[in-house]
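**Q** So TrEMBL lists the following for this protein:
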type	residues	note
DOMAIN	B:95-306	domain 'ABC transmembrane type-1'
TRANSMEM	B:99-120	transmembrane segment
TRANSMEM	B:132-155	transmembrane segment
TRANSMEM	B:187-206	transmembrane segment
TRANSMEM	B:242-267	transmembrane segment
TRANSMEM	B:287-310	transmembrane segment
Amino acid sequence: MPAISPDTVVSPLPNARKKHQSVWQLAVRRFMKNKLAVVGLITLFLIVLISVAAPFIATYDPNKPDIYNIDGEPDDQHLLGTDDVGRDVFARLLYGGRISLLVGLVSSIMIVLIGGFLGAIAGYYGKWIDSLIMRMVDILLVLPTLLLMLFVVTIMQKTTIWSLIAVFGLTSWPVTARLVRGEVLSIREREYVLSAKAIGCSDLRIIMKHVLPNVLPTIIVNATLLMATMILAESGLSYLGFGVAPEITPTWGNMLHAASNVTVLTDQPWLWIPPGLMVVLTVLSINFIGDGLRDAFDIKSTRR
Amino acid sequence: MGKYILRRLLGMIPVLFIISVLLFSLVQAVPGDAFTQQLNPHVDHKYIEEMREKFGLDKSPIEQYFIWLKNFMQGEFGISFKNKLPVSELISDRVGNTVFLAVITLIITYLLAIPIGIYSANRPYTLMDNTITTFSFIGLSLPTFFGALLAIYIFSFNLEWFPSSGTMTAGAGYTGFRLLLDKLHHVILPATTLAVLSVASYTRYIRSSVLEAKRQDYVRTAYAKGLPRKVVMRKHVLRNALMPLITFFGLDLGSLFAGAVLTETVFTWPGLGRLIFESTVNRDYPVMMACYMIIAISILLGNLIADILYSKADPRVRYD
């Protein structure tokens, strides 16, 4: 270690930035060594790719019924057959991925924004703000999230993609808020925050520059795992018939809803097994990625 | 301890009050009421008015809430809009089934997860351990209802090993031991599919917990003073590693009543979860309110039991 020269004392910034970068580089290197995580990343990339490229892969319109070809079995025209109004199941599977992934991505971002914001101000300001937010968390956590979602969805007359995302965001933020609050509480007491305060930094600047970068790894891991949970939630609610209506747009969840019909369940497995497997595959790869990120950032694991 | 429990019980009252206000206002936010859908030229307008009056829907929302609250405190959960039966009757018909399913699920979970988790932790990063880890991940990623659908497709319809719905063979008139066997035969499939998720998460938890306990200094000390491996495992490693499970037991106990909306729906299992699904479809708010409140109460009590059990098991934790 070199002796401290006046130079380093005057300009600690370049040094700090270098170190800051290396934390992330270290994380990337550790992540890349984790085989399951890399496999998960590649699989998820492929799933996103075929969903985005759906118009180029699918040869049929996913929403166009063909009354002359209802309940068709899989053949070389319709790879996965047709459903009860004659829509091509393969095309619906590809397009359905778009919605399921979109719902998962947008709602997990929304949850992280709401939960992160509330958790950060609760942890940073403490006092009555903290008590108020944490009581809200306690109350929302009493009911299982799926039941809470179900209750809120009932009061809506028609579920659309965006109302579904809103419901997910409004019901699922408490766990994230609690997580972020805990992190912020411990960061708030560190010396660098104290010195930032001493030289007169505003609260906003301290939160943005000193607190947030340190909470980011936790938030990233949480957001990843939330995306998996939200895709599961979409499929569950849609299976019960409370998700986005199949006429509006196909999702993996509302395709699975077909299996609530016993004839479909027993005689037409090609209608419901493929979307189910896509959900499993997507959630599995996201979970692998999330676990890899957690190890890479060296965050203590919690019960899951 | 008694004081602590009392304080916690009193603390539940405001939480439950706020939850009930929250749920009640959500119900009120819905345009129209349970009888709006029945409004059509074929139904006498007077009849609808009468029904509204009968269920107290003509009063102001605040008045309605306090009437509901007063009745709820007296154990009167109201009358179902849908089939005009007392809600308490509907619920007591279902609770037994949900508890039976949940208890069998818990038994399966503990029987599988504890040995698998310990086995895995004793051979970390071997082929067997990696296989178990991968399967746990699959278990965590499998939507429970999709697992249930697959189970029905494979084990009920193709192999015909287990029935796909109900809690017992209708009209068979079994009694005693034969009835128990019949019920077990029906519960195995839903319980196993429900257990997949919890086995996966418990296995992962136990594995990392045991691994961590094995790294502790007191374990090395125990080996150093010459204790045999079995004794070290039983007395030092497992005792410490499995202690948190007691907390989980309390939490699981609390969520017993929360039921499994999805699994019960797939298997048409007449439990609380299925009742919640049915009442949600029919917008049968008295039933929904009662179910959600019972679930909230049981979860709060479960949290309390978890904390009490933990302080009993771990002398380092004290409440006063």
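Heads up, the Cβ atoms here are built off N, Cα and C, so glycines get one too.
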**Q** What residues in the same chain, six or more past the boundaries of the transmembrane segment (B:187-206), come closer than 8 Å to it by Cβ-Cβ distance?
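**A** Cβ under 8 Å, 6 or more out: 100-101, 104-106, 108-110, 112-114, 116-118, 120-121, 132-133, 135-140, 142, 144, 147-148, 151-152, 155-156, 162-164, 167, 241-242, 244-245, 248, 252, 260, 263-264, 266-267, 269.
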**Q** What residues in the same chain, six or more past the boundaries of the transmembrane segment (B:99-120), come closer than 8 Å to it by Cβ-Cβ distance?
**A** 128-129, 132-133, 167, 183-184, 187-188, 190-192, 194-195, 198-199, 202-207, 209-210, 238, 242, 245, 252, 256-257, 259-260, 264, 269, 271
**Q** Same-chain Cβ contacts of the transmembrane segment (B:287-310) under 8 Å, 6 or more residues past its ends?
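**A** Same-chain contacts beyond the ends: 1, 5, 8-9, 12, 15-16, 19-20, 23-24, 27, 68, 72, 77-78, 80-82, 87-88, 90-91, 243-244, 246-259, 272, 275-276, 278-280, 317, 319.
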